[in-house]
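Per Swiss-Prot, topological domain 'Cytoplasmic' is recorded for 1-57, 118-150, 194-239, and the stated evidence type is sequence analysis. Per Swiss-Prot, the feature transmembrane segment maps to 58-78, 97-117, 151-171, 173-193; the stated evidence is sequence analysis. Marked as topological domain 'Lumenal' by Swiss-Prot on the basis of sequence analysis: 79-96. Swiss-Prot lists 215-239 with the feature region 'Disordered'. Per Swiss-Prot, compositional bias 'Gly residues' is recorded for 229-239.
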Amino acid sequence: MAYQSLRLEYLQIPPVSRAYTTACVLTTAAVQLELITPFQLYFNPELIFKHFQIWRLITNFLFFGPVGFNFLFNMIFLYRYCRMLEEGSFRGRTADFVFMFLFGGFLMTLFGLFVSLVFLGQAFTIMLVYVWSRRNPYVRMNFFGLLNFQAPFLPWVLMGFSLLLGNSIIVDLLGIAVGHIYFFLEDVFPNQPGGIRILKTPSILKAIFDTPDEDPNYNPLPEERPGGFAWGEGQRLGG
C-alpha cells in the first residue's frame, strides 16, 4: 500500500522535474556506492573536446556532492522550484521548459570555461529559483523564521546563506546571472517598445514534448506555498 502511494506520488511529479531530480539522486547514489567516481563526471573542457568525453556536458549538472546537508538542501530546492515552475508558468509548455534547461545549461557551460567550476548543478538550481522568484514577485518568503522578504530577494538570501557557510558565491552569482539573462530575454525584452522574442523554442522540441491533452488527474504543487522544508510557508501579499 505504501509502495503504491509513493509510486502514484512520484508519477504525479511533472516529467521534466521528475527526470532531472531522479537523475541527480541516482548519480549521487552511484557515487556513494562507488560504482562511479566524481572524476568521471566533472566538467573538463580538455577531456570533452580532445578526448570526446561528451557525457561530462550533462553529468556535471547531476552531481551535488556526497550525501549530507548540502546535498539534501540542494535537492529540496531543486525539486520544489523546478516543479513549481513546470506546474506554474510552464504548465502545458513542456517544450519551452526543456528549452530553458538547454539554454541555461549552454550559457553555464560557456561561462564555466572562464570561472573554473567543475560542477554546475547548484548554479542551475539557483537559476531555476531566480526565474521562479521573478515570475512570482508578490509571494512573501520566510527564512528559517528569522527573516521575511518577497520572492525576488530569495536568490540573494541563498547567496548570503552560502557566504555564511563559508562557500564560494561564484556558483550563486553564475546561477543568478544566467537566470536573469533568460528572464530578460523571455519576459522583459519582448514587452518593450520594439522588442521581439529572441528565445523561440525549436519546433522539434514542441513536436516531442508538447501534448494537446491535459491529464485530468494532474495534482499540481501549489505555487503560492513556496515555503517548503525549513522555510515556513509563503503567502501572497494582500492574501
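Placement of Cβ uses the backbone N, Cα and C atoms for every residue, glycine included.
Ranking 58-78, 151-171, 173-193 by CB pairs under 8 A with the transmembrane segment (97-117) puts 173-193 at the top.
Sequence-distant neighbours of the transmembrane segment (58-78) (same chain, 6+ residues past either end, Cβ-Cβ under 8 Å): 20-21, 23-25, 27-28, 31-32, 38, 40-43, 105, 108, 112, 118-122, 124-125, 128-129, 158, 228-229.
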